[in-house]
Amino acid sequence: MILHVDMDAFFAAVEQHDHPEWRGKPVIVGAPPDKRGVVSTCSYEARKFGVHSAMPSRQAFQLCPQGIFVRGRMARYQEVSAQVFAIFGRFTPLVEGLSIDEAFLDVTGVRRLFGEPEAIARQIKAQILDETGLTCSIGVAPNKLLAKLASEERKPDGLFVVPADPQAQLAWLAAKPLRALWGIGPKVAECLQSHGIATVRDLQSANPGRLRAVVGPTLAEHLMNVAFGRDSRPVSTAREEKSLSREHTYPEDTLDRDRLRADLRAIAEDVGRRLRKHGLWAKTARLKIRYAGFRTVTRQAPFPTPVCDDFALRDAAWDLLARHLEPETPVRLIGFGVDNLTDAPLPQDDLFAAVSAPPRDRLERLSRTLDALRAKGAHL
């Protein structure tokens, strides 16, 4: 049995814990509203006003002017995360961290020590609350797909056990919106809806042959698996690399935007080559800029789906630079990296992009061809 543990509004909850006067008030972690930038996360009080992560801070202020805007304190969040993961380790060595505030736990082999999975989940929730003052939501299920869905069922401070009966599982899944399922983004959902598949129940009853004709055999197989709650992925404790990055320091501070773009392209291509070498895909892009005076700014953005090709990495680096580079401020160092690495890319929403956009797998093949040419000494 698998547990999916997800801390509730983690960054904002840490801030409310450390500042008791903020409890019960809308706390928004991210860029100040008078600066360009986005919301990293926000408390549930802020979410009631429509604020959500990745929203521009200025828009968040318009929705919730009474919100308490605070800059993130990553060192503090990492400290609390270490406490939480130490609690996980008391119950099982099979812990797969997905991010700083989220993990899968395989508790199949520890029932004799700690009881049934639901009892283990309650113990974990109690220990996290007692030792950190924070709440989490836990889903309990036979596999990772169902456990992650279950953790969303009763947020915040929730616990949900997926029914053991297979028919009850299917009925529970059938009531979910399409977008709740792993791998169904807006483009996939739009495509399915245009063919009369608007709910998970519709997907469960869809003709497999017709589905293959609509979305192709690979994605069709994945969609049928998730619609019926099938997932054979084990909890993986092997995390050889959680991130990859490279930086370039200039001998003299520079204002040359073209030079920054050229160097970022080379850095992104190097990161891509290392991703492909290790058989990894990245879920998050990260830009680092150090200005004169050693003030450092780091910004990140998620990819719609995991990537490893040079083109997606380069575009992400350039986009982050365009959005966050401060004009007329000399740059001392530029860096680019990727986080949240995976060895199993999700089905690509790019299957439904415009015909003019090359499919992601074709760009990956092209990038691997370029790797081979560079290895032979070609200058590209």
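Count begins at 1; order follows the chain as displayed.
Keep in mind that glycine also has a Cβ here, set from the backbone N, Cα and C atoms.
Automatic prediction, not curation, is the source of TrEMBL annotations.
Feature annotation from TrEMBL assigns active site to Glu102. There are 18 other Cβ atoms within 10 Å of the Cβ belonging to Glu102 (active site).
The annotation Mg(2+) binding site is assigned in TrEMBL to Asp6, Asp101. According to DSSP, Asp101 (Mg(2+) binding site) is assigned to coil rather than to any helix or strand. Taking Cβ-Cβ distances under 8 Å and a sequence gap of 6 or more within the same chain, the neighbours of Asp101 (Mg(2+) binding site) are Asp6, Met7, Phe10, Tyr77, Ser81, Val84.
Summarising the annotation, TrEMBL assigns domain 'UmuC' to 2-185.
TrEMBL lists Phe11 with the feature site 'Substrate discrimination'. Counting every protein chain shown, the Cβ of Phe11 (site 'Substrate discrimination') has 26 other Cβ atoms within 10 Å. Phe11 (site 'Substrate discrimination') carries a helical DSSP state (H, G or I).
When the alpha carbons of Phe11 (site 'Substrate discrimination') and Glu102 (active site) are compared, the span between them is 12 angstrom.
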